[in-house]
Amino acid sequence: MNANFTEAELAQRRTASRRMAWLIGAVVLAIYIIGFFFKRG
Amino acid sequence: MKTLVRLAQLLAALSPLPALADYKWNFPEPVTPIARDTLHIHNEFMLIITALFLVVFAIMIYSMVKHRKSLGHQPAKFTGPTGRIQWFWAFVPFAILLFIDFVLMGIPAVHAIIDMEDTKNKADMVLKVTGMQWKWQYEYPEAGVKFISTLSTPREQIENKAAKGEHYLLEVDNPVVLPVGKKVRVLLTSTDVIHTWWVPQFGVKRDAIPGFLRETWVKIEKPGIYRGQCAELCGKDHGYMPVEVHAVPEPEYLAWLDKKKSEQAAAAGGADRAWSKDELLAKGKEVYEKQCAVCHQPEGQGLPPAFPALKGSKIVNGPLLSPAGKIIADSHVDRVMNGKAGTAMQAFKNTLSDVELASVITFERNALGNSKGDMIQPAQIKSLR
Amino acid sequence: MSVATTTVPGHAGEHHGEHHPAGILRWLTTTNHKDIGTMYLTFALTMFFVGGAMILAVRAELWQPGLQLMKPEFFNQLIGIHALVMIFAALMPAATGFANWQIPLMIGAPDMALPRVNNWGFWLLPPAAILLTLPFTLALFGIGDGALATGWTFYAPLSVQGGLGVDFAIFAVHILGVSSILGSINIIVTIFNMRAPGMTMMKLPLFAWGWLITAFLLIATIPVLAGAVTMLLTDRHFGTHFFDAAGGGDPILFQHLFWFFGHPEVYILLLPVWGLMPHVLATFSRKPIYGYKAQVYGFIGIGVLSVIVWAHHFFTVGMPVPALIYFMFSTMAISLPLAVLFFCWIATMWKGAMSFETPMLFATGFIVLFGIAGLTGLVLADVAADAQYHHSYFVVAHFHYALFAGGIMGVMTGVYYWLPKWTGHMYDEKLGKWHFWLTVVSFNLTFIPQFFLGLAGMPRRIPDYALQFTEFNMISTVAAFILGLSQLLFAYNIWKCVKGGPKASDKVWEGAEGLEWQLPSPPPYHSWETQPVVK
């Protein structure tokens, strides 16, 4: 039952989370900026 | 469940059903082909969704009554359909729903849309509707007739100082008149913000958008007076810009159109003669109360900051025209004629006649606590356009 | 709700956030998912009452024709701020509060993946709420002319014309948007990276699945809303003409951008609730969830469809016929995945051994009333009939069935279901049942008359109305006050439960399944010091 995350694995998962968070943040910014170039036909 | 039954009985006893007996539970009587179509579709859809609702929740309520722990029911263990027959029955409801969505409801809807958007075929006449804060302008381009229609319910009724009339908030000073049995192509636009022209008995609702032309059509089948309201939030008096349409037989319509034409000619003719100051002030008061008082208030005190006071206003008390007789930028005359972009102050040169403009400018400069003493003639306005 | 913070001695020192400071500083600096969840929920409950008070003032004005209590300008401010407060400051924070409390417990994680981001996500909310409502107060001191008066939809050019209330609302929306994005990022990365060993995506609790789709929808649509209101801001102050036809712009562009966000927003508010429902239904039917995979695919299907149907919110602007037909049919298509959910909910109850504690009452009430929202939504999708329904009280009634009966009653289900887990005490069952019945009856009495008002032709957002609409408005107003006052029972019941009450067991409910019920009630300050293994 107790297959603990080791401290190392936990740290690695947190790093992965941070990297992913920055990526999503960049996508958000991109959508925001692309929006300004929209024109209705 | 017992609580539910008891509550239902209590409600039935308390509900004021007699008072509602003659109340409208559905769309008002349709008077155009589109409205009839819409009512028909609506009734059909309501039956379909009521049936869906009853069937689905009858099953659920059956389960809630029967499969209770207190009745000693033992829980089953299944987590999905098992076997071909169960899978088949699991898909049946979705097949039915698919059929209802795209065939039973979808096909009549597509026909109705095509009919609704068919504004140009065999149109007998054009009515141009311009929404502006907070009134409608109607124009008959073929006849060259144009007028503004505003709420005629007295302020006292709205403020509960007088008994409310039968058509409270649904009555106007200049109703729009249309011939019965003719296909009228309605063009819509706006001078300021988005408004929506809606008469429930016509079954059409279309936005009036500044800078764009939208269209719809009506073919009224029955003479009568039809009332509606602006349906898009358009600022403070959104609730006070009704639509009143009088549908009459064609000869009556033509007679009305002729009368409007001669009235308009008389008003335009007045522009060429010189008006006395008293005449201008009397006329100006009339125009002010109809066009300006909603925002700038009857005494000219305004509703700052959105609607500035005219009483003691720098603009109103500024110079009238340049020495050469031209408009000074941001002067009183400029503001009234050309409006101010990005605010509720519209360009009144588009909607008011020379006489109306001259008189209201003269009035504002010499009343509402201002006393500039000067005046402007309709002929001057005409040359400034 | 400060009881739910028991620390497990001997463990507290091993992780971040160890010796947390006392008093206000503790709440300002906390990175604990339970503390933050509690703050989100408290904030949501507070704003629920603020938004409710606004709409009761509106209902009081609509008691009879004529202007009695307020000027039309003020009326317009109340309806718009009511909507923004209820959507952005009550429903969304409540759902995020649930996510913070429950997702780590349910997936076996020690905390959220990004605890400091989490803290920021919450503390952006109070300033945004202040920005939104401050113009009311400023107007009392003669500054500006009050709050946003365009309705919550900000339609240009009316919003270009408006006063400083519009600018305040634009900045409030920006801040709320940043907060939602931070919350969403955190939930996505937590679900992807912090699941207990053995918990595959297809073993993820449905509540987490619902939130995952919500988070992706927020990521996709909030930037569009932010862009739209930024364009509005530059139109207002820097002379751009995005939405001004005279400068080559288009007012309808704003509506497209707004509803590209606005329609998914409906599902953003509802998906967490849809995720929660099967848990509650399974618990009180003492039976496993029916159609887990079907529900997951249903969520994904609705998420995808939600971003391609936006124009059904403005059929009356006049669109080309093919566009009308496309948006009509794509909107109707949403009924299919939604029907999958209804099917699974009812099948979960079928042949169970049901008991009707307060959470189950709210869940079944939710299914029936949300059914009405779905079915009326189906007819609203029809363009021809929509011409008559649009901008009328029919629509007002429809979306209150979706967002009050669907959203808020769903949140109440969750609160009653999880409160014993969070506080370690049982709530007052009798009071909960009273709250349910009062809410359901008065809710229906408030909004059923509005369906008929809409059919009879009463436009929405008007402060005064024609005489023929009087009776139904009176019923609606009386019922709305009962509905509003019944919610005080809810607040009192929560308060009572936080303060004390019978001890709740770890499992709380006889039929409860899932990791969160293996922890003590209330759970320790750091949940899952030891990771559970999911088989």
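In case you wondered, yes, glycine gets a Cβ from its N, Cα and C as well.
Positions annotated as domain 'Cytochrome oxidase subunit I profile' by TrEMBL: C:27-535.
Sequence annotations record features per position, and here TrEMBL assigns transmembrane segment to C:36-58 (among others).
Annotation comment: TrEMBL describes C:78-101 (among others) as transmembrane segment.
TrEMBL lists C:122-148 (among others) with the feature transmembrane segment. Long-range neighbours of the transmembrane segment (C:122-148) within the same chain, counting only residues 6 or more positions beyond its ends whose Cβ lies under 8 Å from a Cβ of the stretch, are 28, 36, 39-40, 43, 47, 50, 73-74, 77, 80-81, 84-85, 88-89, 93, 154, 159, 162-166, 168-169, 171-173, 175-176, 178-179, 182.
Using a Cβ-Cβ cut-off under 8 Å and counting only residues 6 or more beyond its ends in the same chain, the transmembrane segment (C:168-194) has close neighbours at 80-81, 84, 88-89, 92, 96, 99, 103-104, 107, 109-110, 112-114, 117-118, 120-122, 124-125, 127-129, 131-132, 134-135, 147-148, 154, 204, 208, 211-212, 214-216, 218-219, 222-223, 225-226, 229-230, 232-233. Taken from TrEMBL, the feature transmembrane segment applies to C:168-194 (among others).
The transmembrane segment annotation in TrEMBL covers C:206-233 (among others). Sequence-distant contacts of the transmembrane segment (C:206-233) (same chain, at least 6 residues past either end, Cβ-Cβ under 8 Å): 95, 98-99, 102-103, 106-107, 154, 156, 159-160, 166-167, 170, 173-174, 177, 180-181, 183-185, 187-188, 191, 240, 242-243, 254, 257-258, 260-262, 264-265, 267-268, 271-276, 278-279, 289, 292, 295-296, 299-300, 302-303, 306-307.
Same-chain neighbours of the transmembrane segment (C:296-317): 202, 206, 209-210, 213, 216-217, 220-221, 252, 255-256, 259-260, 262-264, 266-267, 271, 274-275, 323-324, 327-328, 330-331, 333-334, 336-338, 340-341, 344, 380-381, 383, 386-387, 390-391, counting only residues six or more beyond its ends whose CB sits under 8 Å from a CB of the stretch. Marked as transmembrane segment by TrEMBL: C:296-317 (among others).
Among the features that TrEMBL reports, transmembrane segment is placed at C:323-348 (among others). Same-chain residues lying 6 or more positions outside the transmembrane segment (C:323-348) and placing a CB less than 8 Å from one of its CB atoms are 274, 277-278, 281-282, 285, 287-291, 294-295, 297-299, 301-302, 305-306, 308-312, 315, 367, 371, 374, 377-378, 381-383.
Marked as transmembrane segment by TrEMBL: C:360-381 (among others).
Annotation comment: TrEMBL describes C:401-419 (among others) as transmembrane segment.
The transmembrane segment annotation in TrEMBL covers C:431-452 (among others). Only residues 6 or more beyond the boundaries of the transmembrane segment (C:431-452), in the same chain, are considered here, and those with a CB under 8 A from a CB of the stretch are 357-358, 361-362, 365, 369, 376, 393-394, 396-398, 400-401, 404-405, 409, 412, 416, 472-473, 475-476, 478-480, 482-483, 486-487, 489-490, 492-493, 496.
Under the heading transmembrane segment, TrEMBL lists C:472-495 (among others). Residues 1, 45, 48-49, 52-53, 55-56, 59-60, 62-64, 412, 415, 419, 427-428, 431-432, 434-435, 438-439, 442-447, 449-450, 452-453, 456, 465 of the same chain sit 6 or more residues outside the transmembrane segment (C:472-495) yet have a Cβ under 8 Å from a Cβ within it.
Stretch with the most C-beta contacts under 8 angstroms to the transmembrane segment (C:401-419), considering only C:36-58, C:78-101, C:360-381: C:360-381. Mean pLDDT, taken over the domain 'Cytochrome oxidase subunit I profile' (C:27-535), works out to 93 on the 0 to 100 scale.
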